[in-house]
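Quick look at what Swiss-Prot annotates:
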SIGNAL    1-35  signal peptide
BINDING   TYR36, CYS56, CYS59, HIS60  heme binding site
TRANSMEM  286-306  transmembrane segment
Amino acid sequence: MQTRNTFSWIKEEITRSISVSLMIYIITGASISNAYPIFAQQGYENPREATGRIVCANCHLANKPVDIEVPQAVLPDTVFEAVVRIPYDMQLKQVLANGKKGALNVGAVLILPEGFELAPPDRISPEMKEKIGNLSFQNYRPTKKNILVIGPVPGKKYSEITFPILSPDPASNKDAHFLKYPIYVGGNRGRGQIYPDGNKSNNTVYNATATGIISKIIRKEKGGYEITITDALDGHQVVDIIPPGPELLVSEGESIKLDQPLTINPNVGGFGQGDAEIVLQDPLRVQGLLFFLASIVFAQIFLVLKKKQFEKVQVSEMNF
């Protein structure tokens, strides 16, 4: 009986350990793989601040370019492409969460006017589906269908992202109007430097937290360093922890000042934002314009014919 209880206890402990390990793996894996949109979605109700700044810039500190291309004008209830380009040197490698080097991922947030939204699959043409590839877009919030996020996705394959967008129809949507609208975009390549809680990632520079002499540098077994800084006046010691990834700039015995860089800046990525304008065009206005242009063409043709007729009359009178 005692043996059976012992085996039962061991079985429960093993099961509990496996469950905890799986939970940790899932949580950490999710936080790494879904870092870009998840951090913004969890921390901010709206990704664009009142100043016009997109909140991704709070974690991705380096400024890099991004480009967006949309049609100049679209008709109501029409599917069109919004192409976001996130350029970078494909040969670059970034510091991963485990300190190793790897390829860069990219991510983007697209802020559309109210009423514009992600096109349903049955409205997307085969040609557009081919451009989209295996990308999966999601709404920033269930109630904010006009704000779309994507990423992280492999940068080598998706440095150009095609969003399939459906324009609103003012005939059925009273909040939509035939106007010129702004579109905002933010795009990043690579990991961020700061987490939303304010802590640094291992993809940034680490500075000294005290002035003194570096008395000891210990390289950790799993990577990273412990740097002991000793105050030359009172002997007080401060230990700075460097995670795996950044390379050291300092050595033992070196004098150092407060906020002096201890490591290089390993970041090779960055964030950029841009904007574009699009006109929701009234079909009746287009028809009116076409009618006006057609009337001008016909008027020109009529004048040419009248001129030729007049010339013929003049020639006949001269011959007479």
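Going from the start of the chain as shown, residues are counted 1 onward.
Glycine residues also receive a Cβ, built from the backbone N, Cα and C atoms like all the rest.
Note that the coordinates shown come from a computational prediction; the quantities given were computed from them, not determined experimentally.
Secondary structure at CYS59 (heme binding site), taken from DSSP and collapsed to helix, strand or coil, is coil. The binding-site residues in question are CYS56, CYS59, and the one with the fewest Cβ neighbours inside 10 Å is CYS59. Sequence-distant contacts of HIS60 (heme binding site), defined as residues of its own chain at least six apart whose C-beta falls under 8 angstroms from its C-beta, comprise ASN188, GLY190, GLY192, GLN193, GLY269, GLY270, PHE271.
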